[in-house]
Every structure is written in structure tokens, then in C-alpha cells.
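Asker: Quick one: the structure is below, questions incoming.
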Amino acid sequence: MARETRSPSPVGSTHSSSKRSRRNDDYLDRSRRDDGRGHRRSRSPPRRHRDRDWDRHRDRDRDRDRDRVRDRERGRDRERDRDTYRKSDRSVDRRDYRDDVRDDTSYRPSRRDRSRPRYHSRDREDGREYRHRSRDRRRRDDSADSKSIAKRNESRDRVSSKDFTGKSREVSKPSTPAPPIAQTDEEKKAERLAKLEAWKQKQAAEKERKQKELAAAGGARSILAEIDKRSTLRQAGVSQETPAPQESESASAKKFDPKTITKNAAAQPERLSLLGNDVAVPNTTTSSEVAGRNGADSTRIAPLKPRGNVSGFGFGAKSAAELEKASHKRALDFGDEESSRKKLMKLPDPSLEDNDTPNGTVNGAEEEEDDDGDIDMQDGGTEEENAAAARAAAEKREERLQNQTVALESQPEQQPETLETDQNGSAEPMDVEDEEEIDPLDAFMSGLKDSVTVDASKYRKNVSKPKQEPEAIFGDEDDVDLKAMDFEADDFLAITSKTRKKKDLPTVNHETIDYEPFRKSFYTEPVDLAELNDEEVAALRLELDGIKVRGVDVPKPVQKWSQCGLGVQTLDVIRKLGYEQPTSIQSQAIPAIMSGRDVIGVAKTGSGKTIAFLLPMFRHIKDQRPLENMEGPVGLIMTPTRELATQIHKECKPFLKALNLRAVCAYGGAPIKDQIAELKRGAEIIVCTPGRMIDLLAANSGRVTNLRRVTYVVLDEADRMFDMGFEPQVMKIISNIRPSRQTVLFSATFPRNMEALARKTLTKPVEIIVGGRSVVAQEITQIVEVRPENTKFVRLLELLGNLYSDDNNEDARALIFVDRQEAADGLLRDLMRKGYPCMSIHGGKDQVDRDSTIDDFKAGIFPVLIATSVAARGLDVKQLKLVINYDAPNHLEDYVHRAGRTGRAGNTGTAVTFLTEEQERYSVDIAKALKQSGQSVPEAVQKMVDSFLEKVKSGKEKASASGFGGKGLERLDQERDAARNRERKTYKTGEEGEEDEEKEKKEKDKGEELFAKAASAVQSSSAPTPSATPGVPKGIDLDGKITVHKTERATPSTTGTNPLDKVGSAVADIHARLNKAGVMRSGVPIDNKGPDAGAFHATLEINDFPQKARWAVTNRTNVAKILEATGTSITTKGSYYPPGKEPGPNENPKLYILVEGDTELVVTNAMRELMRLLKEGTIAAADSEARAPASGRYNVL
């Protein structure tokens, strides 16, 4: 036979050099062939193949040097072996060679090989640990040669113990001195040689380490005596049953696995003394004898396998049954892990002794072992010594990594992975089926978790702590983990409410902060203005649209840009923009602001208020030092709407480039990450809405931006800021700014009640009013028509037709205002049907859509825009010639701002307003606006005004106050507090007060009310009536436990005439009639007596929950998870009824869920999970509704 003896000169070896170039080409082919059958020929389960990926990363650094040493020793041998093996990889000789292993049978297909390890369990044990460790080394070699060697070594490993015994001695002799042609057997035998190398290293490391430990522990004799004692005590019990796999031991030299020691000590007790000898490896049998003994004793001694938790010190004891159970339930059951950890802590702690081993000694031992040849492995001891050496080698490698750097925790975490993997690879249990059932990923993760925990305790122990203290720590950590994994569904409400809580800014104590000084006043009165007396100044102000000022020492108005005290760069930009001279508000406001005064500026729409506060801000910023890293802005501009913020930011841009400044526009609806990135790069100016500014200040614990350097604050459209609900947010932001700041307020309308509120933020302000507080510009032609509702759309089409019929108005724009979001979308649909290209904008749209719509409208892509009052402020379109109030504004200021969208910057425009007979209340403000702007009031409108005033005098109507009348955020805070109190009382957190139930019922929070229904668990009919809880329907107790009913089985009817039976039947009829109401009342068991009914059942009504909550408990994915976890049956029954509708007498009950199970426990668990899903779905529905409300007149932006 060609390959009978595996001689050093096999057939085909002469082609070694010529075929060397095929190494990389054949690698993929051989890997594919080996994948099909290689692992099964090696008697190893498929799991070993799956472990390769993380084995490769684990020991790459550790074994690379040892592999290179062996490569240098056997490099020439491999050259010939590779080529020979490649040539004869699938040859007849190979099959002949395998005949000895397979009892002279031909090569079998891979399909039959799958079950071979079950019937050759004895042969599978031979050299298993050698084989696994050799694979690891070959995998970690980066060269192509090593990869080829890895595949061949894996294939060579398929040799059974019979061949191994007969040929290993013959192979090992010529391994080192053989010429290159005579190295074939060395290459084919590389895996066994690697295994011998590994065991030799472990032995040498064991001896060297134990010498130092024995020196500190009192010598080797005490340990040997303890080993003998343990062996004799356990010998009788172990010999009567099937021996369990050997267990990987801890690093302690004082204790070994009793089962392994007992089995070996019974046969060879006299060899135990070798463990305490010198570091030199004792002489034992050759490698072939070791392999033979392994094959012969495979039924008596099982290979090593780690059955305890892998730690930084060693291994804890754990039975095979416990390991199997833990591997199957690793992800859910923490009980086994806790038990194993406690067992681990009962072992002696060798951490301090291990750390005493010098790193250099350990490394030196490894180098010494690597330099030894294959012949040195013949000095290996008995199987007992080999097992001890394996344990010691693993511990030695751990010490080496830990001694390199104790501070780095990553290496100790990786080392337990190495220990567990090595032992898994080097030792396998005898039962193949049990072995295959163990998931390698679960075993790996379990070992990693335990190892990390033990490493942490090891460092605690090094800080002079008792040895047994880590056991208590383990228990504490387990308790924490279990509690975190098993949190109640009620806790989810607290978590959700915590996430929903608005971000809050801490209160700043300005007295403790040392602000750097800054200069406010930059204005020097020109000589020509200083010569004017009071009469001339009054006449000048009258010429400038009747400027009215109030305050102390107000500067005189300027007439030219050169008198404002601005810089050269700013004046150049003004000249390029075509601003010839200041407007009325600019001529008075710029000198006042440049003087460092706080200013309230009220001017008509389109009068240039934005430039009036921007130009002084640029001069203010340029006077201060440049921004440094992580410093906040100097100028802060807050606006009520996002559109106004973007418009102000655009007006800043021409000046920013010339002055080398940066500005950031921050508003809600846009991605906050982009705004944060711009702020971190540094910006002197922030144009923002209050809500987003608070988000930015609170983001990342306040490290995104700050208000330390803010000295110039602008509130544009200030009245809207305070009455639209921004007052708490604005005051919160302003309270974080230095008190010596300069604050400027501008608006086109400023009611008296808003003025008192705004003055809280100012210091001795100068009030400037141009043309009246709430006046429409005279350039705007105002038309008010009283007409029925059904004629407004026809009149709208007529107005649009007249506008675009004129060729001069080809590029004109039209803006239509409505009062509600739904009306905007409906009017958009109607106009599109009539052929007018248009778009709509309102608070319910995304910010991206709103921005693009306004840009398209300004660019003329579509000429008609339909909007709510969200576009009434700040929208500046030069070509806008027609404004139509399709729905009349409800107060004066809104009318002024709507009409002010046209006729801007001296241009003319038209504003048409539709009034219906029912809108007498609104006619008063419109008539007032007409009078103040110098226009006549139509007769029909005046009649409506007189009629309404008569009703007010008679008490039938109440006069409406001026202004928007926003309720602010106090109402929202009150509702939130009421919801929190209701929640506390509902779940009995111990913080609830004695609030009146009826008062709490008046508080309407839809999300919390729906959530209250989430715990509608079925209670027993005999249970006492629960106490009424606010917000919870009658008969439902959130704190009541889940009651599971025992299903009644149908019994054969009896024909007796017992009076008690008649009474029972009458009661049953009454209950049946009552149940026909169709409502699944709490505590009423269902009529479920069929043969397929479960022994226990419970019901959960879901009809009144929002759609998201119902979907959460009825979708197939969630239900399947519950069914798999509990083994119950979940059925959706009944019919869905909309809110407010109740089922009729003969109709199905409301939608509910039926849960059936064999035990009360599984039904309870399923009900608890369903209730948790209901709560989450209810809260999610409430959140989504809060983020995007269905409708609303105004939106807090």
C-alpha cells in the first residue's frame, strides 16, 4: 500500500518545488472540499468549526511567536509535505491510508460522515486538545503557507487513534534532521506536533509556576498530600458511575478536580509526586504511547471540558448537567450563573500568588518550551500530569497578559475568552449529542461575562479585602441584574414621563460669575443735529411719519446713514443694497440703540425694523474681542415663528461676509445636529425660536453653547412672543443672560397689556412708536365685504381673475389667509381644481415643507399661497400685491399683520377681507383699523359694529380684548401637575395627596386616561368592588391582581326534578340575559366550556384603547413571542365599537382578548405581558398626538 506507513518519502514528493506556486490557488478549493467532510473525519462536532472566528482573534498575538519558531524548525519539512499532500489529497492512496481507520472500507460520502462521531466516540478523543490548539495557531498565521498548513493539519487530524499509535513513533524520529525531501511526514503530522508542543509548554509552565507557589505555600508535599486525600475520598463514588468530563481547574495549586484526580490516582497513584519536581519536564512515554493510551483509555477518562465559570483566576466547579442546563437558558436564567459564581468563590483565591510570578519568568518558560523539539514531548508525564499541565498553561497565559498592564481592563476581559475557548477546544465530553446541543455562542458569552466579573473582584481583593467578600459583591450584582431585567410594566410610565419631560435650564447666580466688561454706547451726536432745538426736533419727528418717543434723554433722529456712527464696511454694504436713507423707525431707533439704551420699537409693517436692530448689533459685536473656543454668541435674536427667523438670518448675510462674522439660525423642525455642529464651530449671532434655544442650551449638559458672552438681545415681534405662550421660555432664557445686557424689542403691534409684561425684561427703556401702535400702512388699500359663506369662494375666483387679467400683474403674488389648517388644505384643493397653481402653509406641516413652500412662493414658482396666521408676520415678498382674508381675523393685531404682508417698503397693495353676518364680533376691530389708517368704513360693516355694541350694552355679548390673548404655558404646567397627581394616586406611589376626586376628573389628559384603561385586568366576580379611582372606569382597579378563572367543563344534563336544580337554571337564565348586553364586564368569566378550552383563562378588553395600543397586543409578532414564552393560547374576540357606541342586546361584546392556558401561572404571565404592551402602545399614541396635533388655531413653535 502506497501510504501504509506514512514514511518521510511519500509518492509524489519530488514535485514539491514545482508545485509550490499552487499553494494559494489550491487553498480555496481544498477549503471547500474540507468544509464538506473535514470536520467529520476529525471526529469533532460542527461547533468546533464555528468557534474558529473568535479563536483566530483571541490567540493571534499569543501564539504567533511560537508558530514562527516551529516554522523555522520544520520549514523545510513543510515544503515537501505541502506538495505531497496537495497531490494526493483526494487520491486512492489517501483512501487506502484511511482504510486502517475505517476498517478497510472505502471512502464514505459526507452524508454518511455526519453521524460517524456518534459511533466512534472512542477514536474521537485522541489528541483532541492537541488538535484544537494546533488549529488555533495555524489560523492565526497570516501567511498563505500557514493557511495551507492549517487546512492540511486539520485534514491530517482525521487520523484515528489506531493509526496514531502505530505511526507516531516512526514519524517523530526524522522530524528535525531530515532533508527537505524527507519532511513529508512532518508536514502531515504538523497538527500532532503542535499538540505536543502545546502540552509541553503547559507542563513546563506548570512546573515553573508551582515551584514559586510551593515556596510561598509551604512546599509541594502539603499539596500532594491534599491531592492524595481528595483522591481516596472520592474514588469509591466516582468509580461506580460513568466518569464526567474533566474540569478545567483554577490557577490554584492547592486544589484540582477531584473526579479527574480520582480516576488517574486509582491507576497510577505513585506518579503524583512528579507534580512537585523541578521545572524540568519528567520523562514519560513517547508521543505514540501517549496517543495510544488516549485511544485505549477514552472510555475510562473523558477529555477536559470547562464546566464552571471562567474567571481571571481559574475555573469554578460545575456539574455537566448544570452546564448543559445553563447553556440552553443562558440568555434568560441567571440562577445557574449565580450558583456557579458562589461555588467559584468557595475555592481558594490564588490571585495574589499568581501575580507574584514574574512576567519575565513566564515568558522565558514559554520561549524555553518553544525551543524544544518534538523529541522533548516524549518527556511528557502521565495523563494526570498532562491534564494538570494544561490547566497550568492556561493560567500562565492569563498571568502573562495581566502582568503586562493591570490598568488596562481590556486584556483581562479577553483572557477569560481564551481560557474557555482553549478548554472547549482541547476537551470535549463523551456524549456527542449533548455536546452538539451546547450553543458555542452562549458558552462563550457566559464565560466572558463571568470572567469580567471575577477580574473586577480580583482587583478589589488586591486592595486588602477579605477573600470571601467578592461573593457578596457577586450576589449584589446578580440582584441588580435580575431586578433590572424584571422591571414592572408600571415603571415604564415613569421612564416615559421622564423622557417626555421638558428640558430645564438651571438657575444662574450672576453674582458668582465674573463677567468681562463691555461697551454699549458708540453714538456721538453729529454737530448738525446737536444744534437743533426742541421745536425743530419735534418738527423733524412729525415729518418722519409722526414718531412718538417716551423716555429720558432720547437721542435726536438722524437723517443720513453717515450720522449713525456705523463702520465703513457696514456703510459699504448699505450702499450696495440700495438703502438711500434711513426709514422713520431706523432714523430714531438706531441712535437710541447705539447709545446703549434699551428700546421698544413699534412701527408699521414693512418699515425696516429688522435693519434697525441689526446695524447696531454689528457695531456692538465688532467692539468686543473675538470668540474663543467653546464660547457662546454675543448677539441673540429671538422670534416667534420659524419663517421670521430664517428671514432675519437672510438679511444678516450681506453684512456677515463683510464684517467677518458668523450667524446661526436655530429653529424647531430642522435637525438639531446640524445646528449643534454650526454652534460648535463658533458664531457671534444666533437667530432662534425660544423652544429650540432652550434645547440647545440644555443639550449635552450645556456644553453645546452658553450665554456667558451675550450682551445684545433682540425680541422681534415681541408682543407675539409674550402672548403666544413663549413668556416662560423667554424669561428663562433671559434670566441666564447677564443683567447688564442691552435688550431691544420690536413689533408692528404692541397692546398695552403686552407692554407691561415686556417691560420686565428692560431697564429704563426708550419707547419709539411710528404711525401708531396697531396701524395698517397707508399704502395698502383695504376692502371689507360682508357676504354669505357660500359666496366667498366665487368672489375669491373673481379677485384672482381680475388680478392676473392685467398684463402688468403677470408676476404678482396673492396671499390668502384662513383660520384653520383644515380650511387651508380644503381651499388648496378647490383652487387647484380651478386651475390656479398654489400651495398651503400652516403649523401642521413639516418645517422642510414650510421653508420650501415660502422659497417657491418668493421665486414665483406658484403665484398663490394659502396660509394660516403662521405666515402673517415677517413674510416679506416684494411682488405680493393682493392679500385676501378669506376667514376674518379675530382681533386687531392679527388683521394689521395680515394686511401688512402687502404694500411693503413703499409699494402699494390691496387687502380684501370677507365678513359673514355671524362675525359681528370681528367687525369692531376691522372697523377700528380702517379708521386708524384713514380709510372709510363700509356701511354694512358699520351696521355690524353698531349691532354688536348694542348687544354688549345689553349684556348679550362681551367685548373682546385686544391682542392674541395667549394662555401661555402655565395652563400646560397645571395640566401636567394634575396628570402627575392622578398618576401617583392611581399607582399609589406614596406621594399622592388628598385631592378631591371630582376635581381630578375634570382634568382631561387623553393619554393618561387611555393609559388608565390599560390595566383592565379581569377580576373575580366575588372580589370586592374596587374603590373609585379618578380617570379609571368604574369596576376597574389598576392595583388589583390579575385573576385567572378556572374553566368549567360541560357536564351531562340530569333529568331530575330537584328544586335546587330549578333555582340554579333560573339563575343561569338571568345571567345569560344580563350578559347579552355585549359588554365584557370585569370579573365575569366567559362562557368557555368547549373540549378545547384551557384549564384556566382570563380576558382583557381592548376596545377603547387607541389604535397603536390595540395593534401592539394583536399583531402577529408580539403575540407569537408571548405564545412561545408562556405556551398559552391568545384569541381576539368580540367586535370593535367606535368611542361612544355601545353594543346592542344581541350584538357581540366589545373587542377583547381571551388568554387560555393549562396553569394559572402561564395565564398570569401572558396577561402581564399583554398589559405591558397596552401601556406602551397607549403612551406611544399619546406622544405622537402631542407631537403632531390634529388641528389647532395656533401652534407653539
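Heads up, the Cβ atoms here are built off N, Cα and C, so glycines get one too.
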Asker: May I ask you to indicate which of 716-719, 952-955, 1104-1107 is given in Swiss-Prot as motif 'DEAD box'?
Answerer: 716-719
Asker: Pick from 443-471, 559-587, 907-935, 1139-1167: which range does Swiss-Prot record as motif 'Q motif'?
Answerer: 559-587
Asker: Can you give the mean pLDDT for the domain 'Helicase C-terminal' (795-945), rounded to a whole number?
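Answerer: Residues in the domain 'Helicase C-terminal' (795-945) carry a mean pLDDT of 86 in this prediction.
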Asker: So how many of the residues in the compositional bias 'Basic and acidic residues' (185-213) end up helix, strand or coil by DSSP?
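Answerer: The compositional bias 'Basic and acidic residues' (185-213) comes out at 28 helix, 0 strand, 1 coil.
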